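See below for the structure under consideration.
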Amino acid sequence: MGSTHSSCACHPLTSQNPSITIAATHPAFAAAGFRIFNTQLGFRPKAKTLTLNRRGTLRMSCGKMESESGRAAGDVHGIGEELVGKMVYDALVWCSLHGLVVGDRSVKRSGTSPGVGMVHAPVSLLPVSFPESYWKQACELAPLFNELVDRVSLDAEFLQDTLSRTKKVDAFTSRLLDIHSKMVEIGKKEDIRLGLHRSDYMLDEQTNLLLQIEMNTISSSFAGLGCLVSELHRSLLRQYGEHLGLDHKRVPGNPAVSGFAEALAKAWSEYSNPRAVVLIVVQPEERNMYDQHWLSTNLREKHNVRTVRKTLAEIEKGGVLQHDGRLLIGDEEVAVVYFRAGYAPADYPTEAEWSARLLIEQSSAIKCPSISYHLAGTKKVQQELAKLNVLERFVEKKEDISKLRKCFAGLWSLDDAEIVKDAIERPELYVMKPQREGGGNNIYGDDVRESLLRLQREGSEETAAYILMQRISPATSPAILLRDGVSHKDHAVSELGIFSAYLRSNDKVIVNDQCGYLMRTKVSSSDEGGVAAGFAVLDSIHLT
């Protein structure tokens, strides 16, 4: 669990054929690796094919996928250059008119001055096809994961014990745990708890299972821009759908920004001060500010809730904690603190930022997330929850436990000697993950072997700073990716994120809903997958 821009734990299977159909069996799984995964997850390989493609409605026929029109499925690369050019032009106009934009990295002020140096967000020109049954499964999991995060957050002993060894070798996690410990010591309770989450998944070709990559509990980004990509693709398909064999009605509605705003507004209402504000904690130079401004605009125009944007350094300088626990920023009382920063070590360059985080946690303002929600989303906690009999500590219904466990990928501690040995011998089947967020931090391929061997030689406690994860093998599909006004064709893999909102006041659950989605697509040759980190583009789905 954890992170703002998730890093795809994927093993792309590539092909030069634009119509990709790959059997869901893999020789490697006949050896010890599959035995290990099977013991962990309880699945068996299925001799089926599963293709994510970008053209036509798919059907299974004699082991081959075809479009309803009879043409090769996924033939995006076969679209004529003249038609591609028209769609690219229309897409760029649409993005400009509708605010599907980010700050241009080449313009110095683009991260500090709204309206200066804007460029369209990186997007896929057409939606990726996605089986409706898996879409429904991901949506149905959202409230279950919301409840799980909430219950884990209330178990201070579990959080501290699970992360105790990590604390010794990871300074960032250690500082978060210190704040958590202080809250426990002073008996600080969060009677009103708000979570705006995103659970990320990939379809694994080896098993035909929808597998969770991680659960993001802090700064779940792109609720604002993700909605717009769905509308962009609907607009393009209304105009060009007949030529492409795609129906705009099969792109599902995406109410993520309104769902997040409604949950924030209800939390603000629970605070019971109509003059209070929602404080958005931001990074000093935020080129993804427009994704955040869409949320602020929705809060103001639909719910009459004012927002204030401050960095952690500004909060430390201007924030005051009243004797009754109220948090003031200047003359403004804060009802809700919504974090869009604070998830990575780079967000805490000095002690001032840590002081601000502690100040917020000590206050009576509603935190999104609280320190306990933040810790509940760490990768080490995700790995611990995947162990046998651990979910039962937090989830009562056997049916819910089964649904949750079904989507767990293989997750292991580096204390597992058998798994570490297998990862050294076959590193291509694993991803090594540190307790870091934001993309660009994971270890893949031969680097997994080298990292594990180094840790063994050193006999270091540093092993507690990492987990091993099964490397997911998603299908590839031909795509047309659009960045900086230039399109290019490539083979790509996609990752589905399901947004969800959870609001609880004491024993009363006020909100527990799935409220939209984010599709991210990257070239199949790339390991990492964060959009803001520059690895992926925003996408939407076409249900098949």
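Cβ coordinates come from backbone N, Cα and C, glycine included.
Here is what TrEMBL records for this protein:
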- Arg198, 218-221, 286-288, Gln292, 340-343, Arg520, 531-532: substrate binding site (BINDING)
- Glu214, Lys379, 433-442, Tyr444, 469-472, Glu495, Lys522, Glu528: ATP binding site (BINDING)
- Glu214, Asn216, Glu437: Mg(2+) binding site (BINDING)
- 276-376: domain 'Glutathione synthase substrate-binding' (DOMAIN)
Between Lys522 (ATP binding site) and Arg287 (substrate binding site): CA-CA distance (Å): 20
Three-state composition of the domain 'Glutathione synthase substrate-binding' (276-376), taking helix and strand from DSSP: 43 helix, 26 strand, 32 coil
Of the binding-site residues listed as Glu214, Asn216, Arg471, the one whose CA lies nearest the CA of Arg198 (substrate binding site): Asn216
Largest tally of Cβ atoms lying within 10 Å of a Cβ, found at which of the binding-site residues Tyr343, Tyr444: Tyr343
Packing count at Arg287 (substrate binding site) (other Cβ atoms within 10 Å of its Cβ): 20
Integer Cα-Cα distance in angstrom, Gln292 (substrate binding site) to Asn216 (Mg(2+) binding site): 17
Proximal residue to Ser219 (substrate binding site) among binding-site residues Pro434, Tyr444, Arg471 (C-alpha distance): Pro434
Which of Asn216, Ser221, Gln292, the listed binding-site residues, has fewest other Cβ atoms within 10 Å: Gln292
Residue among binding-site residues Ser221, Ala341, Tyr343 with Cα closest to the Cα of Tyr444 (ATP binding site): Tyr343
